[in-house]
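Student: Attaching a single structure in structure tokens format; questions to follow.
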Amino acid sequence: MQSPIDHRPGAQIHGRAVFPHAHLTGISGLQPHEILFLLDEAEQWIEANRTRAKSDHRLDGLTQINAFFENSTRTLLSFEIAGKRLGADVVNMHAAQSSVKKGETLIDTAMTLNAMRADVIVIRHMSSGAVQLIADKVDCPVLNAGDGSHEHPTQALLDALTIRRRRGSIAHQRVVICGDILHSRVARSNILALTALAAEVRVVAPSTLMPAAIEKMHVTPFTDFDAALEGADVVMMLRLQNERMSGAFIPSTREYHLNYGLTPERLARAKPDALVMHPGPMNRGVEIDSSVADMPGRSAITEQVEMGVAVRMACLDVLTRKARGVEGWA
Amino acid sequence: MKLTFRNARLVCPEGGERSGDLHVADHEIVADAPDGAQLIDCGGRILAPALIDLGVFAMDKAACRAGGIARIGLMPDQSPVLDGPGLVQRAADMGKPELWVHPIAAATRGLAGENLAEFATNAEAGARAVSTGRGWIADSGVMRRVLAYARDCGLTVIAHAEDSGLAGHAVATEGETATRLGLPSAPAIAEALAVARDLMLAEQTGAAIHFRQLTTAAAFDLIRAARARGVAVTCGVTPAHLLLSDINVTDFRTFARLSPPLRDESDRQAVLNALADGTIDILCSGHDPQGPEEKRLPFADSTPGMAGAETLLALGLGLVRDDRLTLPRLFALLARNPAKLLGIEAGTLAPGMPADLVLIDPDAPWQINSDRMAGKAGNTPFDGLPVQGKALRLFKGGSEIG
């Protein structure tokens, strides 16, 4: 017989006590139950987004500014759709294309956005730590949409949600992350989120793209992709940036594909039902073969995109609850 | 100006510690009490040679006064670079009368690491050494000519030891902290690699070389071995690498962005050991004030460097309190050894030395506060640290600096 008392962490606390953070600058600093809370919150939006009438009005009258200092198509679009479906007035600031130069006027930009009374700011920036710098200066919640090689927390949340829905659980899943671990904020946030939720994480990269002391983040590093794939539940491929493919870090895309490309033969080393993931955009034929990327029942790549909107809706909702005076959060 | 300091705890790098009086006449320390001297009662506090800060990046009189510093060795990394006699002479004069500025001339024109600057001409204009500046000279052929020509001119080469190929655009030392923060990082061996090359070149050319800051165990091992072979090598460090490690850059604290970057804890311990065993010759502030426009930026976009002149003495006294050093040894590191390197007669309390003196209350407690610095900027990585020890009065050539 089930106990009448729910002993799960966070189960008996409500409102702000369950998620006491003003901003979402990274997975670092979040407790496992706080990560699970955001995933649980995202669940409701998955079904809602699949219906014809997708609009909600909880963010009516609030202004969401997406300040992107680095080019992005899908993340920006995902945040824009998420905000609009909640009723927010969404404004995009393409700082990467404007005269805002690297770092120089970042604090000034933050103060400007603050003076315009933004209710929530979503930031992407090419420098690690830039989002925290802005979060310290503004009065409204700040969401990190990727800062340098540091963190990309909503990507990790949507990946965790995808894994949980497809595999039933995150705990004890063997997740293999392969690619440019050195420069990847997606890898860092995923490592933090998945290890916090008790997954077994393996990271795979040539030594030139593997950060030092990565094992201190409670993962097992591999240079041999085939060995790492043995018994994998999830294979997460990372995008290789063009500028790193032609000699600086690896000799060529051809050679990268030879050692680290996810082919159907390689995938066969993982569990028969292993999930294939990629944060996009993909370099088909480089880090992942088309036949794998499009493999029915195995590839979760488009589902990741879908989960992205739901997760971002949940984050926007949760972070603005205090300002909206939601009971238990104000 | 005739002075008699009464009732002082005299600390001399060469004469050791004793209680008593010290006499000054005609700008110099003298053995006997001069007639009609003004009496200054020290109340049992420390009277020591004023600090000589080797290798600062900005002339900051207020910071030097607060820190008990009477002389600075000014780095050539100025705007414009100190690579010609006019600029050197101007730099030598600009601290007067409160501060002695001993310019360190650029080893190569514009510090570009290509063509030799005029060593002898600049020395005649007042340069006391030549330096590679903030950077390393990547071309070994150029560095060899710099060392050989400096030997001819009787000048020490002050070098920065970071292999530029390995260091690249790194802003942190490779390790767990840099990995977690996603910061561009370089392995700590970038330092030892540079030291190994420069030591070989110094040995072969017979030149005297000084590494302004060394921060890793591997580099100190190379220094000890080179000294055993008779290489004329000295080295220094700042309090930052003695007291802080790479975990201090957590939260992207740009005040802790330094060059070379903060190292891991095992290297920090190696610096402390090198200080204790005499491998390190000079303790310097690395004073490099940077305002918010340079520091209130994302970590990798900020400018490296720290304001250090005001905190050097107090942090040094802390090392004495922790039994890492004796007081006379501290003042060898802070005054006598920098004077020797610059070829100036100063830094002890012996008769005939210039009366550059600092009266210190070694116990006065205060808190380092980046918002309340006397100098040009408050970019200290020690913000908030409680320390003890203040420079109460500072004298340069027997004249008090107000």
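Count begins at 1; order follows the chain as displayed.
Note: Cβ is positioned from N, Cα and C throughout, glycine not excepted.
Automated prediction, rather than curation, is the source of TrEMBL annotations.
Per TrEMBL, the features are:
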{"type": "DOMAIN", "residues": "A:23-164", "note": "domain 'Aspartate/ornithine carbamoyltransferase carbamoyl-P binding'"}
{"type": "BINDING", "residues": "A:ARG74, A:THR75, A:ARG124, A:HIS152, A:GLN155, A:GLY280, A:PRO281", "note": "carbamoyl phosphate binding site"}
{"type": "BINDING", "residues": "A:LYS102, A:ARG185, A:ARG239", "note": "L-aspartate binding site"}
{"type": "DOMAIN", "residues": "A:174-318", "note": "domain 'Aspartate/ornithine carbamoyltransferase Asp/Orn-binding'"}
Student: Starting from the Cβ centroid of A:ARG74, A:THR75, A:ARG124, A:HIS152, A:GLN155, A:GLY280, A:PRO281, which together make up the recorded carbamoyl phosphate site, report each further residue of the same chain whose Cβ lies within 8 Å of that point, ordered by sequence.
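Tutor: Counting only non-site residues, the set is A:SER72, A:SER78, A:ALA145, A:GLY146, A:VAL186, A:PRO279, A:GLY308.
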Student: CB neighbours of A:HIS152 (carbamoyl phosphate binding site) within 10 A?
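Tutor: Neighbour count, Cβ to Cβ under the 10 Å cut-off: 28.
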Student: Cβ within less than 8 Å of a chain B Cβ is the test here; which of the binding-site residues A:ARG124, A:ARG185, A:GLY280 meet it?
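Tutor: Checking chain B against the binding-site residues, the residues within range (Cβ-Cβ under 8 Å) are A:ARG185.
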Student: Return the maximum Cα to Cα distance in Å (whole number) over the record's carbamoyl phosphate-binding residues: A:ARG74, A:THR75, A:ARG124, A:HIS152, A:GLN155, A:GLY280, A:PRO281.
Tutor: 17
Student: How does the domain 'Aspartate/ornithine carbamoyltransferase carbamoyl-P binding' (A:23-164) divide up by DSSP, counting helix, then strand, then coil residues?
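Tutor: Helix/strand/coil tally for the domain 'Aspartate/ornithine carbamoyltransferase carbamoyl-P binding' (A:23-164): 59 helix, 26 strand, 57 coil.
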Student: If you count other CB atoms within 10 A of each CB, which of A:ARG74, A:ARG124, A:ARG185, A:ARG239 wins among these binding-site residues?
Tutor: A:ARG124
Student: Per residue, counting other C-beta atoms within 10 angstroms of the C-beta, which of the binding-site residues A:THR75, A:GLN155 reaches the highest number?
Tutor: A:GLN155
Student: I need the CA-to-CA distance for A:ARG74 (carbamoyl phosphate binding site) versus A:ARG239 (L-aspartate binding site), whole Å please.
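Tutor: Spelling it out, the Cα of A:ARG74 (carbamoyl phosphate binding site) and the Cα of A:ARG239 (L-aspartate binding site) are 14 Å apart.
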Student: CB neighbours of A:GLY280 (carbamoyl phosphate binding site) within 10 A?
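Tutor: Its Cβ has 17 other Cβ atoms within 10 Å.
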Student: Across all chains shown, how many C-beta atoms besides its own are within 10 angstroms of the C-beta of A:PRO281 (carbamoyl phosphate binding site)?
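Tutor: For A:PRO281 (carbamoyl phosphate binding site), the count of other Cβ atoms within 10 Å is 9.
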